[in-house]
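As recorded in TrEMBL, the features of this protein are as follows:
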DOMAIN    9-188  domain 'Formyl transferase N-terminal'
BINDING   GLY18, SER19, ASN20  N(1)-(5-phospho-beta-D-ribosyl)glycinamide binding site
BINDING   ARG71, MET96, ARG97, ILE98, LEU99, ASN113  (6R)-10-formyltetrahydrofolate binding site
ACT_SITE  HIS115  active site, proton donor
SITE      ASP151  site 'Raises pKa of active site His'
Amino acid sequence: MSVNEPTTRLVILISGRGSNMRSIIEAINHQQLDARVAAVISNRPDAAGLEYASSQSIPTKIIDHKAFADRESFDRALAQQIDEFNPDYVILAGFMRILTAEFVEHYQNKLINIHPSLLPKFKGLDTHQRAIDAGEKEHGASVHFVTAELDDGPVIMQAKVQVMPDDSAQTLAARVLEQEHQLYPAAIQKLVNVKQD
Ligand code: GAR
């Protein structure tokens, strides 16, 4: 290993498109994030993001939740696979599974999520439509530590966008996603900096 090789190891979990995963990998490739992706793991065999990870020579694994009898056994198998890659941080990037308290506790202070709202507002799904319906002037995305509560836990960084009068959920989602792609690598770099202090 060269002296300058990043030592902070990330395991990224995805369920689908994986555009946030991609933004993290691109930030690393452009030396904007001092970390390495040890593996990308998906709970869905058809997650589009897997192809991009493979094209970057990053190991990929599939742990299909449908093959498990219950949430506990899936989470245990997932944790076992993650731990083989010995990560400093486990990065949820559009990983659409509710995690057991046991799993969350196992990764205390290491489990990070991005959520498309200005937490604590709009936990859960359909965040963009709900922000419009609530007449919000500002909306955005949050990167946070994961705790046992859904979309909860200390916020690491947020990015804001203005809600325009003619916004639909789609136009707003697109603007927030653009911000997410800047926000997630920056928030992880913030953690790396703290770790190196
Ligand atoms: C992102 O907008 C992310 O914030 C959201 O899913 C999308 C995944 O897109 N996550 C959540 O809603 C988690 N509660 P991606 O697969 O292209 O990164």
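Even glycines carry a Cβ here, placed using N, Cα and C.
No curator has checked TrEMBL annotations; they are predicted automatically.
Recorded features from TrEMBL, shown on the structure.
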| residue | record | Cβ contacts under 8 Å, 6 or more apart |
| --- | --- | --- |
| GLY18 | N(1)-(5-phospho-beta-D-ribosyl)glycinamide binding site | VAL40, ALA47, ALA48, GLY49, LEU50, TYR52, ALA53, ALA93, GLY94 |
| SER19 | N(1)-(5-phospho-beta-D-ribosyl)glycinamide binding site | GLY49, GLY94, LEU177, GLU180, HIS181 |
| ASN20 | N(1)-(5-phospho-beta-D-ribosyl)glycinamide binding site | ALA93, GLY94, ILE114, GLU180, HIS181, TYR184 |
| ARG71 | (6R)-10-formyltetrahydrofolate binding site | ILE98, THR100 |
| MET96 | (6R)-10-formyltetrahydrofolate binding site | SER15, GLY16 |
| ARG97 | (6R)-10-formyltetrahydrofolate binding site | SER15, ASN43, HIS65, PHE74 |
| LEU99 | (6R)-10-formyltetrahydrofolate binding site | ASP75, VAL146 |
| HIS115 | active site, proton donor | LYS123, THR127, ALA141, SER142, HIS144, ASP151 |
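A Cβ distance below 6 Å to any atom of ligand 1 is met, among the recorded positions SER19, ARG71, ILE98, LEU99, HIS115, by SER19, HIS115. DSSP gives ASN113 ((6R)-10-formyltetrahydrofolate binding site) a strand state. Residue density at ASP151 (site 'Raises pKa of active site His'): 19 other Cβ atoms are found within 10 A of its Cβ, drawing on all protein chains shown. For the recorded N(1)-(5-phospho-beta-D-ribosyl)glycinamide site, residues GLY18, SER19, ASN20 set the reference point as the centre of their Cβ atoms, and the other residues of that chain within 8 Å of it by Cβ are ILE14, ARG17, MET21, ARG22, SER23, GLY49, ALA93, GLY94, HIS181. In the three-state DSSP reading, SER19 (N(1)-(5-phospho-beta-D-ribosyl)glycinamide binding site) counts as helix. Reduced to three states, the DSSP call for ARG71 ((6R)-10-formyltetrahydrofolate binding site) is helix. Those residues noted as binding (6R)-10-formyltetrahydrofolate (ARG71, MET96, ARG97, ILE98, LEU99, ASN113) have their most widely separated CA atoms at a distance of 19 Å. Note on ILE98 ((6R)-10-formyltetrahydrofolate binding site): other Cβ atoms within 10 Å of its Cβ, all shown chains, come to 8. Note on the domain 'Formyl transferase N-terminal' (9-188): mean pLDDT across this stretch is 97.
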